[in-house]
Amino acid sequence: MAELLLDPLQSVRFSYSQSSPFCSFPTMLAASISLVLPPKTSKRYRCIDPCHLVNEISGHNEKCRIGTSKALGDIIKEYMGDPLNVKVNKLTSIKTQLPYSYYSLPFCRPNTIIDSTENLGEVLRGDRIENSPYVFRMREPQMCNVVCRLTFDAKTAKDFKEKIEDEYRVNMILDNLPLVVPIPRSVQEGPPIYQLGFHIGLEGQYAGSKDKKYFLHNHLSFTVKFHKDQQTDSSRIVGFEVTPYSVKHEYEGEWSENTRLTTCDPHAKRLITSSNSPQEVEDKQEVIFTYDVEFQESHVKWASRWDTYLLMADDQIHWFSIVNSLMIVLFLSGMVAMIMLRTLYRDISKYNELETQEEAQEETGWKRTVPVYDASHYDLCCARISFPSNRGGLMTAMLLLWVFMGIFAEIFRGSPFRNNVCSGLLVVGISVPLVFVGSYVGFKKPAIEDPVKTNKIPRQIPQQAWYMNPIFSILVGGILPFGAVFIELFFILTSIWLNQFYYIFGFLFIVFIILIITCAEIAVVLCYFQLCSEDYLWWWRSYLTSGSSALYLFLYATFYFFTKLDITKPVSGALYFGYMLIASYAFFVLTGTIGFYACFWFTRLIYSSVKID
């Protein structure tokens with residue numbers, strides 16, 4: 001049972017049964033609804049859309065809210081002359097990577113700005129979804145609609161110029177579909193390329209002049225694509241496009257609500273300009289915001305409306321990436337197979353033979369590396385801070401931490417404070433209890449027994465060859481895991497920092513499996529060579545061998561920053577490298593863990609297969 005909220009005194013309850021051709025609700029199972037009114041009278045309705053029912057009840061057009069829409073995802077909405085309310089989202093830029101609220105610039109505003117309900121992920125992404133003055137009716141074209149008339153002052157003009165120079169784009173939403181600008185393909189035929197949002201304006205120069213000017217996109221030509229239901233004659237929105245223009249509107253006489261613009265004809269289907277002069281952004285400049293909207297019937301069904309947004313034209317490159325990664329896996333698998341089936345089994349058979357005393361003295365190789373399960377030589381770096389012998393160390397550390405944390409003081413004020421508190425509660429209320437639950441379960445399990453005894457006195461490690469130097473072998477070990485993912489990494493970085501869709505998770509899953517295999521195999525191969533050289537300090541080296549691929553990831557992210565992005569501001573650069581440092585660390589933990597567990601399994605397997613006194 002789900003509720004459609006109308007007002008505090010009345011509600012609509014949905015009774016679910018078999019699918020009905022007249023109804024389309026979140027689960028496509030709603031066939032009828034019962035209206036419960038204060039006088040305890042009920043009436044049954046056949047419906048097309050919940051919003052229609054609200055209008056029928058109230059006698060006028062009112063916005064309705066379905067409380068379960070967020071949990072159930074997109075709701076199939078059908079319209080028959082209903083008002084379409086365009087929502088605005090954040091302003092984004094690939095040059096600064098810093099989002100701003102739409103109304104941080106003095107655009108045309110509705111009478112009351114209403115914030116849409118957002119989940120925690122949307123808030124952390126910087127989304128600010130709000131209503132807008134752009135409202136039109138389904139399948140009713142409108143031409144040259146005036147939204148508002150503004151006069152810029154010096155500060156407003158400066159703000160617009162800064163955003164135009166930083167290439168900020170305006171993002172809008174209609175029926176949960178993002179606004180896109182279609183870009184025709186110049187070489188090959190096919191569907192156009194879609195760019196999310198439209199530029200606030202453009203930089204340019206007049207012919208014969210070297211002075212840089214800023215031009216504002218003040219006229220929007222919307223195109224709403226819909227799929228028509230042949231049975232009910234209702235429509236479903238399947239596309240939302242725009243073509244922005246910069247037009248210096250003109251009119252005769254004094255300005256009033258009924259003033260007719262001479263630069264566009266409301267009865268024509270195209271924008272008409274007499275002077276073709278764009279709208280400049282200057283102090284004391286009058287700006288008139290207008291829009292057109294046309295409706296196009298589309299053969300695309302509602303269930304497939306996201307396909308055009310997620311259309312990928314570079315599938316061949318992804319397949320090349322996978323084939324390239326598979327070649328690396330096959331190469332490593334061959335080496336592991338050679339070690340396991342040939343060299344290793346031969347060693348085990350040799351070690352298990354009855355040996356003479358002279359043969360035992362001449363024994364070399366990984367079997368002699370008996371203290372393989374000795375503890376690591378690296379202790380916790382912060383353990384000494386609170387140790388009693390270091391008097392005052394803990395208090396000094398706390399004092400210095402408190403002083404240096406003052407740099408973050410300004411973060412915890414105003415509206416962001418509530419979001420920070422919610423994020424903190426997630427850690428304190430969920431993460432911390434789960435840590436104790438995990439530790440409780442872990443202590444209940446029996447301890448892992450090593451297949452060989454641990455020596456109390458560490459054995460001296462013989463002189464190593466140059467290619468077995470820890471730094472060299474660790475750096476070499478990270479090349480192949482990174483090589484397995486770097487092509488896919490390019491598309492992921494492009495989707496994150498250039499505001500493009502990435503929705504080919506099938507390719508990503510295949511590459512992830514290849515990454516796991518590659519990390520495990522390269523760690524096992526290098527661990528075997530290390531043990532053969534009688535170096536038993538494999539614990540951290542196995543972790544760092546595969547984990548060093550994160551170093552190459554960060555270096556590639558740095559290369560991507562200087563070659564693909566046009567970020568010039570220090571704050572934006574710090575934001576980029578901060579995020580990539582976090583991503584590289586997470587990648588280090590992931591790949592390092594895979595390498596360590598692979599070597600842990602490998603050493604237990606080989607040392608449990610030989611006789612060691």
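Keep in mind that glycine also has a Cβ here, set from the backbone N, Cα and C atoms.
Summarising the annotation, TrEMBL assigns transmembrane segment to 319-341 (among others).
For 394-412 (among others), the entry in TrEMBL reads transmembrane segment.
Feature annotation from TrEMBL assigns transmembrane segment to 424-443 (among others).
Proximity of distant same-chain residues to the transmembrane segment (464-497), defined by a Cβ-Cβ separation under 8 Å and at least 6 residues beyond the stretch ends, is recorded for 94, 97, 314, 317-318, 320-321, 324-325, 328-329, 332, 504, 507-508, 511, 514-515, 518-519, 522-523, 526, 529-530, 533, 535, 541, 544-553, 556-557, 560, 564-565, 576, 591, 595. Summarising the annotation, TrEMBL assigns transmembrane segment to 464-497 (among others).
Annotation source TrEMBL lists transmembrane segment at 503-531 (among others).
Note on the transmembrane segment (543-562): residues 473-475, 477-479, 481-482, 486, 489-490, 493, 519-520, 522-523, 526-527, 573, 576-577, 580-581, 583-585, 587-589, 591-596, 598 of its chain, located 6 or more positions outside it, place their CB under 8 angstroms from a CB of the stretch. Here TrEMBL flags 543-562 (among others) as transmembrane segment.
For the transmembrane segment (574-602), the residues of the chain that approach it from at least six positions outside its boundaries are 97-98, 477-478, 481, 497, 515-516, 519-524, 527-528, 538-539, 542-551, 553-554, 557-558, 561, 565, 567, judged by C-beta separation under 8 angstroms. For 574-602 (among others), the entry in TrEMBL reads transmembrane segment.
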Intrachain residues whose Cβ lies under 8 Å of the transmembrane segment (424-443), provided they are six or more past its termini: 120
Six or more residues beyond either end and a Cβ under 8 Å away: which residues meet both conditions relative to the transmembrane segment (319-341)? 480, 483-485, 487-488, 507, 510-511, 514-515, 517-518, 521-522, 524-525, 528
